[in-house]
Amino acid sequence: MVRTINETFLKACRGERTDYVPAWYMRQAGRSQPEYRKIKEKYSLFEITHNPELCAYVTKLPVDQYNVDAAILYKDIMSPLPAIGVDVEIKSGIGPVIDNPIRSLQDVEKLGEINPEDDVPYILDTIRLLTTEMLDVPLIGFSGAPFTLASYMIEGGPSRNYHNTKAFMYAEPKAWFALMDKLADMVITYLKAQINAGAKAVQIFDSWVGTVNVADYRVFIKPAMERIFAEVRTMGVPMIMHGVGAAHLVNEWHDLPLDVVGLDWRLPIEEARARGVHKAVQGNMDPSFLLAPWSVIEEHVKGILDQGMKQPGYIFNLGHGVFPEVNPDTLKRLTTFIHEYSKGQLAK
């Protein structure tokens, strides 16, 4: 069954005019929700993501609670890595841990290929369930970017400085480019499968790429990103790029064949546009503001919206994920304010 959905988010992604500014929030499904915390008392991340009914419920929760204009699939960026031979364990209080980190070209050559229908059928089943039976807003599929995935694979887990990753990039360029190619192939196949299953847009998260300078990005990372976006673009859905602490790279992203440039709070929207970013923009509230009094939040959000609405193609989001400490009522109130304020301003 084909469901009728609210396409405001998709219109904004395409740079079209909308009646109001669409909004969704990174990590909108997660630790800030009491319902989610109850589920996590009984089930692990692995168990939730491997159970399509449970995962679909978690994914849809913020749509029902906050009235956001898009859902994003609840899963981890590490989800596809076991399929290519990477042993990943999500450890509480630490994050992803990999016991067999990449150290050589031989390690890279041992990596396999992903076959989503065989390797991650539960993810595709979750997407099908959501898009055929549950959602009246678009579902966003996603993947980690090659650099961020490689950083976990080389460091063996989270890092503060990514010294091992960048040292590998500089000292072993042949192995590095082989790894980028392997990961680009995986991301392309993975995203296409999500789209075929029903995702109406996709976002690529490059969480740690801000540690790389512009010159190195152009040489060591951008070619893989160009290939990913060019190949996935043939699927005909909007594509979003997001990184953290990477304001110096927004023009590099703008050059890629994508639709939406994601911004964090470090770069004002009007400054990004002054630098030549003329594609659709998503962002860019500092999630720390969500812990402030409502009067402070409202004034801050007005400023962001006033910048974003100056040209068509704007999606409100946070610059990073929702904190566990955020009151769900604040997010609900925020969405209502974004919709009402922007509708009034755009009608003038």
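Keep in mind that glycine also has a Cβ here, set from the backbone N, Cα and C atoms.
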Binding-site annotation, Swiss-Prot, substrate: partner of R27, Q28, A29, G30, R31, D76, Y152, S207, H320 in F46, F168: F46
Entry from the binding-site residues list R27, R31 having the most other CB atoms no farther than 10 A: R27
Most crowded position, judged by CB atoms within 10 A, among A29, D76, S207 as binding-site residues: A29
Taking residues R27, Q28, A29, G30, R31, F46, D76, Y152, S207, H320, which bind substrate in the record, the widest Cα spacing (Å, whole number): 24
